[in-house]
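A.B. asks: My questions will all concern the structure given below.
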């Protein structure tokens, strides 16, 4: 009589991501900024947030600082002598102080949360049919009935109906004046535009600093432009030169005059444009998208109240705590989408993930599995199941319908079954017939 033998093949190893699913209590604890799904760049442990094009800040700082350094290095001595030491020193100190002020505004505009709306871990519930935001039948048919959410909803703003859109990336209905930035990959409240010079979205929480940055830069350009001409004027009077000879005498002044003239038109025009937007309570996005000058603007409260809203209202707190600790594999992480395992070929009967994560308040655990991991999990379940005890019978031997009850399941499989809410009796029972497995 032949003795029982065990398969010598080593058991398959579970991947790290699958072990996080099996043992959610042992998941890695990280901070929100480490699992952030947007394209932002974080510094100092999530205390500072930049856009993905934060490197452009180096170029922006250079465009501001280098002209001021040249002005103070080559034109300062003559200006100090002509205006006497006290007044001349003040003339040189003003652009230095103004430059420091501009750098601080640039940092405040680029290194803070512009008003990002947190993403939902799962889509919101469809509202009751018949309401103002109910699902249209056409939309439901076009989407195959899988979404259950209308593309837009109507909300009232100062008595005027405004449409808000559903964001499939953030899985939420955007609040009024909110838009999804394709560069930062975030929904931003009161979205104005994404500024490549600042390297950040301009929204509700940093628009004030952005406007002050642009307007202060305009003042600095005009200041340097004016005193470079004053320096040229002194050269013309001292040496009895014409303009061209004076420019040759002080070529740095000539370069700065040309540079500040061009940049003054750029930042000056931007300042005037945003002054118009502030007085009419518009954003850059709304001005180009909706053209409120041709229809009623629901956000316009009058010039005085519009200016007060931008400059004298309290900046709201960030809706995101980037330093909060979360468990990797929770509803916040990339495993936020839960799909039915029964949708995949070769899936185990009866092993189906719930379509919706349980609410934390209900005592359930929010978990999800990315789509591509299901096949890996099933393959490992099947591989572990092949480690059963087997009789060394010839392959053609018929066992006569004998069912083996000596299957030894790996602890990983039992843990996986417990995690998915399965009883051990519900595990697939396999039967060996003619050398093959039958479920």
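Just so it is clear, glycine is given a Cβ too, placed from its N, Cα and C backbone atoms.
Keep in mind that TrEMBL annotations are predicted by a computer and have not been checked by a curator.
Quick paste of what TrEMBL says about this protein:
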- 1-20: region 'Disordered' (REGION)
- 57-76: transmembrane segment (TRANSMEM)
- 88-109: transmembrane segment (TRANSMEM)
- 117-137: region 'Disordered' (REGION)
- 165-289: domain 'Palmitoyltransferase DHHC' (DOMAIN)
- 209-236: transmembrane segment (TRANSMEM)
- 256-279: transmembrane segment (TRANSMEM)
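Just tell me what is around each of these and how deep it sits.
C.D. replies: With a threshold of 8 Å between CB atoms, the same-chain residues lying at least 6 positions outside the transmembrane segment (57-76) that come near it are 50, 88, 92, 95-96, 99, 102-103, 106, 110, 197-199, 217, 220, 224, 227-228, 231, 250, 252-253, 255-256, 259-260, 263.
For the transmembrane segment (88-109), same-chain residues at least 6 beyond its ends with a Cβ under 8 Å from one of its own Cβ atoms are 57, 60-61, 64-65, 68, 71-72, 76, 79-82, 195, 198, 200, 202, 206, 209-210, 212-213, 216-217, 219-220, 223-224, 227.
The average per-residue pLDDT of the prediction over the domain 'Palmitoyltransferase DHHC' (165-289) is 95, rounded to a whole number.
Within the chain, the transmembrane segment (209-236) has long-range Cβ neighbours (under 8 A, six or more residues past its boundaries) at 64, 67-68, 71, 75, 78-79, 82, 91, 94-95, 98-99, 101-102, 105-106, 108-109, 192, 195, 198, 202, 242-243, 246-247, 249-250, 253-254, 256-257, 260-261, 263-264, 267-268, 270-271, 274, 278, 310.
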A.B. asks: Give me the DSSP three-state residue breakdown of the domain 'Palmitoyltransferase DHHC' (165-289), ordered helix, strand, coil.
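C.D. replies: For the domain 'Palmitoyltransferase DHHC' (165-289), the helix, strand and coil counts are 76 helix, 17 strand, 32 coil.
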